Amino acid sequence: MTERRVPFSLLRSPSWDPFRDWYPAHSRLFDQAFGLPRLPEEWAQWFGHSGWPGYVRPIPPAVEGPAAAAAAAAPAYSRALSRQLSSGVSEIRQTADRWRVSLDVNHFAPEELTVKTKDGVVEITGKHEERQDEHGYISRRLTPKYTLPPGVDPTLVSSSLSPEGTLTVEAPMPKPATQSAEITIPVTFEARAQIGGPEAGKSEQSGAK
């Protein structure tokens with residue numbers, strides 16, 4: 001079976017920037033375990049100096065003391081860490097009419113994603129080229145594969161990318177074969193002479209003599 005590249009519909013707005021959360025220096029710390037603070041008391045100070053738009057709320061000035069500050073920062077830390085760990089998580093759904101895979105690819109730009117089918121398998125590839133920051137080098141690679149259900153036409157596979165960074169790949173399920181209508185075939189009755197033919201009639205006459 002030949003390989004086919006599946007184009008996906010880009011549902012993001014034109015102003016969307018896939019690296020908008022990557023620009024601040026501290027916004028890349030979740031990509032490396034050694035960039036995280038070790039103790040809860042350090043979280044408050046670390047988050048207070050972090051430039052993470054959309055991830056962490058500013059710590060209220062009224063909060064005093066390391067324990068109170070850590071308690072205020074912990075929910076924000078959990079949200080950010082949960083978002084990081086959710087990257088690459090997929091969900092497969094199959095109904096009588098449709099087969100669908102949803103994959104979180106929020107860390108990849110549209111031009112870094114490729115969807116193709118080959119030998120009844122959907123292959124999704126996402127790759128970041130190696131980038132350097134103050135902590136070292138960062139690179140990502142995503143290569144999940146999904147086997148299409150039997151009977152699914154690979155040429156009908158389509159994909160789309162949502163504004164939230166969810167890649168959806170889907171295909172219609174094959175329709176079950178329609179059962180043919182029952183047909184009764186009539187049996188035609190033939191006389192004995194017709195069944196035996198002319199030669200049979202002559203044999204009977206010879207026997208009578």
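Even glycines carry a Cβ here, placed using N, Cα and C.
Remember, it's a predicted structure, so these values are computed and weren't measured experimentally.
Annotated omega-N-methylarginine per Swiss-Prot: ARG12, in sequence order.
Annotated phosphoserine per Swiss-Prot: SER13 (among others), in sequence order, evidence recorded as similarity to another entry.
According to Swiss-Prot, the feature phosphoserine maps to SER15 (among others), an assignment based on similarity to another entry.
Marked as phosphoserine by Swiss-Prot on the basis of similarity to another entry: SER27 (among others).
Sequence annotations record features per position, and here Swiss-Prot assigns region 'Interaction with TGFB1I1' to 74-209.
If you look up Swiss-Prot, you'll see 80-188 marked as domain 'sHSP'.
As annotated by Swiss-Prot, phosphoserine applies to SER82 (among others), with the evidence given as similarity to another entry.
The feature phosphoserine is assigned by Swiss-Prot to SER86 (among others), with similarity to another entry given as support.
Under the heading phosphoserine, Swiss-Prot lists SER87 (among others).
Cβ neighbour count for SER90 (phosphoserine): 15 (other Cβ atoms within 10 Å of its Cβ, all protein chains included). SER90 (phosphoserine) falls within a strand segment according to DSSP. What Swiss-Prot records for SER90 (among others) is phosphoserine.
Over all protein chains present, the Cβ of SER102 (phosphoserine) has 16 other Cβ atoms lying within 10 Å. Marked as phosphoserine by Swiss-Prot on the basis of similarity to another entry: SER102 (among others).
Among the features that Swiss-Prot reports, N6-acetyllysine is placed at LYS127, with the record citing similarity to another entry. There are 13 other Cβ atoms within 10 Å of the Cβ belonging to LYS127 (N6-acetyllysine).
What Swiss-Prot lists as phosphothreonine is THR178.
If you look up Swiss-Prot, you'll see SER180 (among others) marked as phosphoserine.
Shown for the domain 'sHSP' (80-188): DSSP residue counts in helix, strand and coil, namely 12 helix, 47 strand, 50 coil.
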